[in-house]
Structure formats: C-alpha cells, structure tokens
Amino acid sequence: MGKALMVQGTMSGAGKSLLVAALCRIFTNLGYDVVPFKSQNMSLNSAPSIEGGEISRAQYLQALACRKKPSVKFNPILLKPEGNMRSQVVFMGRPIGSVSARDYMLSKKAELFEKAIEVLKELMREHDLVIIEGAGSPVEINLKDYDIANMRVAKAVNAPVILVADIDRGGSFAQIVGTMELLSEEERELVMGFIFNKFRGDASLLKPGFEFLEKRCGKPVLGVVPYIEHRLPEEDSLAEFPKVRGDLHIQIIKLPHISNFTDFEPLHWANGVDYVTRAEEIKGDLIIVPGSKNTVEDLLWMRENGIEDAIIEAHREGSFVVGICGGFQMLGKEIIDEVESKRGRVEGIGLLPAKTVFTGEKRTNHLKAEVLWEPARGMWVEGYEIRMGRSTSEKPFSVITSINGARAFEPEGAIGKRAFGTYLHGIFHNFAFTERFLNMLRAEKGLEPVKVEEWSIEEEIEKFTRVVRESVDVEYIIQRLGL
C-alpha cells in the first residue's frame, strides 16, 4: 500500500494547486511513482483525460508534473457551475446531472464521497505516493459537516496534512492559528506542519513568528516559498498575471459562465489582454468570445446588455473577431439547444457561416488539425475539445486529422469575413500560429512584426519546482511519510 500526503490551505487562493504540482514533480524526480488526487473540485476550467472524460485543469497540470497521463481517477468529482446556484456534476469524467447546491449537499455528496475514497485507495494500492489537494479552507463552520474535500479525506486514509497560508495577502499567522483552533483534536493530530507561500522579503524576519507557531500549535514550519513569477495556468483567476501592454488592443468578453480562459495565457504574455463586460468598452483590434458553460444564456446576456451589437459594430469598423468553442457557436447563424438551456432555436450573432445543434453527448478529446484559414493555411495545430454541440459550416477553419492519436478527417470551425471560430481549446498555445496571426494584425496597423516567445508547461513546472525544492524541508516530509 502506498502513502498519501495532503496539502490543505487556510483559504481559497493560498496556492495549494501549484504547491501540489511542485511536490508531485519533486517526489517524481526522487524516483517515486507519484499521482495527484482531489476528491472534488469546482471549476469551469477543465481538460480531457486519457479515458476521454474531463478533469479540472489543476489535476491535469499535477498529472503532467508527475509525468503521468491525466486520468479521471485524479479528480473523481468535478462541479461545473451553471448559474442560479446550480452545477453540472461530472463523476469519473462524465456528466451525471445538474443539481442545485442544496440538493447536492443533502443528497449526492455522501454517495459520491464514498466512491471517491474507493478511487483514492485504489490509487494508493497502485502507486508509491498520492499527493492530495484540499479545497478552500478545512474549517468553514457552515460547510464542515458536508465537506468532502479536506479533513474527511485525510482521515479516510490517515494522510498527514501540510497547511498552506498565503503570506502575501497578510494575516497568515492568524489564519494558521485560527484554522488549528477550529480543527478537532483528531484533525490537528494529522497536521504535519505549515508552509508560508508567496513571500516577498527576508524570510529570517519571520523567525519570531515561527517560534510562536511552534510553541502555540506544536507543529513546525516546513518552509517559506517566495513569490514566484511563472506562466503556469491559474485555475480560477483572471487577475493573477502581471500587467502586460502591447501594441494591439486584444479584448476578451468576460461572459458570466466563461470557461477555459487558460486559452488566452499566450496572448497575455505576447501582447496583453483586457477582459470586458460593457458594450461601450468594445473596440479592440481583436475581440474574442471565449468558451462558456452555458452558451445560449451567455449569448442572451450579451444581447440584453448591448454587447452583441457592440461586437457587430466593432467588426464593421475593422475589428477581427474570434470565437472559441461556445464563443464560436454564438458567432454562428443559429443554435438549437434542447440540452443546456432548453430554449430551442436561438439566433446567433451571425458573423460566421455556421449552425450548431446541441446533443446529449459530450465530446472530450485531444485533437490535431490542419488550418484551412488562408493567412495560416497548412499550419498544424493541436489542442483539445470539450463540447456538447455539433456545428456545420461550408467554410471550416481547420480539418481535424487526429483524435486522441487515431487518424481522422473531420472539418471543424468556421471562417467568416475578418472572423473565425474553432472548437480547439489551446489554439493560441500553438506559438507559430499565434505569431502569424498577431503579426497579420500588426501589419494592418503598420507595425513591425514581432517574435512570440515560446515557452512550455514542462519548463515552467521545472522552474517553479526548483524554487519550492530549495524552500521546503522535503527531507522532513519524507521522514514523516516513512518513504
């Protein structure tokens, strides 16, 4: 039977996901067979698994850090918010229904938790070490009885817990002491120690605080991780990246149910982007309608708030418009939806010659494709799809040539006048394509071409991990785990 180690935080945004990824890579580099696990995650940013299901982007990244192919076992329960306090429940990579927060809490959680723990124990039998990520805070008093992502998981497999605090936001000592006070005696016994994350400054100045914590809580500080500049995807934050301002004005519509906004990280680093929510803001060189968990409702939101008309007007005046996944569907001529919104036929924005019909089957695949859009014709791109709609167009954007490694020939997307749409999430992570596209827009403004800097998730994981390895007492963790 393998070992389990759990990382919990004093709050949401403490940095658990990336610390787990770093620990996964550290122990993998030490020669251990490691996998990540999170019993339940709530996120609109998902990724395809090896089984053809979907998992959260955080566990996808952590799997890469373990040098493993992402599996639905790493994130058995995924909740995808739909609005109006409802979420789609994805179990083992497949949607099993849509429920209200109250109904899920009272009826579904207990059953799914038991199944998730079975998956965790299976992983422990198959691997040397499972590194588990918690969710939010483990001591939200109003939710603690229903919490299936924190201490209940640790207790189920007797996993030592590292408690992480974000010192950059302030109040971290109080957060740690308060969390420890609100844990039960049994739960406190599971806590191995503390990590202070995102520190800027001289860590030696924290020594009196560490001595106080050890005396008060009886647990050691295992490390102080400095604030690390990186390009790793942030699961649920649109504002974590430093400001970048380039020559092009790139705008992304911040839809109420925006999903997979990690698609736009390369554009951020290459030029800078703005997320917009008001019609009067829309006037960019490039306007992007992103993916959505509720395509029709977000289309109607744009229509009701004048954003649709603003996009059409900006396009008429020369803006280039792109739609990704749900955004592509919205930019087409019509959508027939009896699945997500059940609104039947809805007129699209009409900038792309495409029609979409929603079906009950979700496609979740890795794709490779050849671009047909003239400025990048013949370029090879890859990405992934997570969608329930089927779209047809006489002018496809690309031809899919590989689905999960199997040969294919399937047109996808659509091309319009100064517009295109595609189902390929991650299209802009194809740096040669992005460079070609941005330089086309720059040339139209009389600007010199630029080189888009290439970077890889693998390089970013290694860079981030090196800093964590130097900052955390890994030897103490190994000793406590008995590895």
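For all residues, glycine too, the Cβ spot is worked out from N, Cα and C.
Annotated features in Swiss-Prot:
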type: ACT_SITE; residues: Cys325; note: active site, nucleophile
type: ACT_SITE; residues: His425; note: active site
type: DOMAIN; residues: 247-433; note: domain 'GATase cobBQ-type'
In three-state DSSP terms, the structure that the residue listed as 'active site, nucleophile' belongs to: coil
Rounded mean pLDDT for the residues that make up the domain 'GATase cobBQ-type' (247-433): 95
Neighbour count (Cβ, 10 Å) for His425 (active site): 25
DSSP-derived class (H/G/I helix, E/B strand, else coil) of the residue listed as 'active site': strand
